[in-house]
Amino acid sequence: MSAVGNEPLARQALAFVLAGGRGSRLLELTDRRAKPAVYFGGKSRIIDFALSNAVNSGIRRIAVATQYKAHSLIRHLQMGWNFFRPERNESFDILPASQRVSENMWYVGTADAIYQNIDIIESHNARFIVVLAGDHIYKMDYEVMLRQHVDSGADVTVGCLEMPRAESSGFGIMHIDENGWIQEFLEKPADPPPMPGKPDVSLASMGIYVFDAKFLFDQLKRDAEDPSSNHDFGKDIIPYIVKNGRAIAHQFSTSCVRSGDDPRAYWRDVGTVDAYWAANIDLTDVVPELDLFDRAWPIWSYSEITPPAKFVHDEESRRGQAVSSLVSGGCIISGASLRRSLLFTGVRINSYANVENAVIMPYVNVGRGARLKNVVIDRGVEIPEGLVIGEDPELDAKRFRTTEQGISLITQPMIDRLNT
């Protein structure tokens, strides 16, 4: 089976993005927002990567299911993703949990999130449904995955990547035959099975699925009638198809969007504070694995109108400077030193402050003489003058949230408690 005429398969698809999760391992970073709404990379939110992949792949019909503390996410989507044109058969639907099936039921699983909106999805008359997780960082051409789905004749195509076994227990793990057909699918096993010939590696699901639309709707209706089901793709839908139908694996390495000749396939979960900090700080490398400067595959997002970043004062002990750092618009580095750090919009770092290995979210104000190292600072925090973080691990652990790798997470309530 081939595409209709020369029309890309992506133009016949609808992307359904699951964006309702909290991401509790991010601790206080998700106290006020869902994980897909967490800031990333200086200008974006995490969800922008899945959405940008869809748009860059040619998909022009998108639906986003939201649930946990969705206001920040919905506002971002309304401001940054409002460029779709219905007259061109484009659409962008935001679908908050709204008890559409029962007045006592919110979304109870990933599959249920689509089932509860099945009438809306069916109305778009898409040939394919591409199910996406809205909380991962990667660049991928979904057209390649759609092509494999059609050429193979599979009931479902599951995106997958090789992952160290030690890090795989939080993902669906699959075993495939020599042709890529999935023989077994285990959702989040405590002891992930290894790949044949690779004892330290498991084949993990990316939470990306391609279905023929009618087949998916039939599966969702069947699953909804099963009282023993969790109504979840990883726990129920995919294992059922593996057992009773045809499920094929799509290797991320074949559709990953790389920069130049870089052989690495970049994908990050950023599900913990340590992983989140590391993925952001990695962007300050001379040649980072994730290329945000790639004009051929841009990461679309809402961008505030701000003046350029400003660096002021040029005295020996009071010089506004930044080395190996990303500094967003509206920031002012006023006689302060910044090294290997990433600043989001509107951050101000005042005179004599020293900041190193820091991820600082929008509109943070760092007081004079502060010394900050190995930190993640939440939006809008006021850092007092002279505050020192990152030099005394025991003291940091008493005052802030510190991780196994020594990263301190700073929020305004933590700062407020310093004076009590």
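Placed from the backbone N, Cα and C atoms, the Cβ positions cover glycine too.
Taken from Swiss-Prot, the feature alpha-D-glucose 1-phosphate binding site covers Tyr107, Gly172, Glu187, Lys188, Ser205, and the record attributes it to sequence analysis. The Cβ neighbour count for Lys188 (alpha-D-glucose 1-phosphate binding site), using a 10 Å radius and every protein chain shown, is 14.
Close to Glu187 (alpha-D-glucose 1-phosphate binding site) in the fold, though at least 6 residues off in sequence, lie Gly172, Asp232, Gly234, Lys235, Ile238, Pro239, each with a CB less than 8 Å from its CB.
The Cβ of Ser205 (alpha-D-glucose 1-phosphate binding site) has 26 neighbouring Cβ atoms from other residues within 10 Å, across all protein chains displayed.
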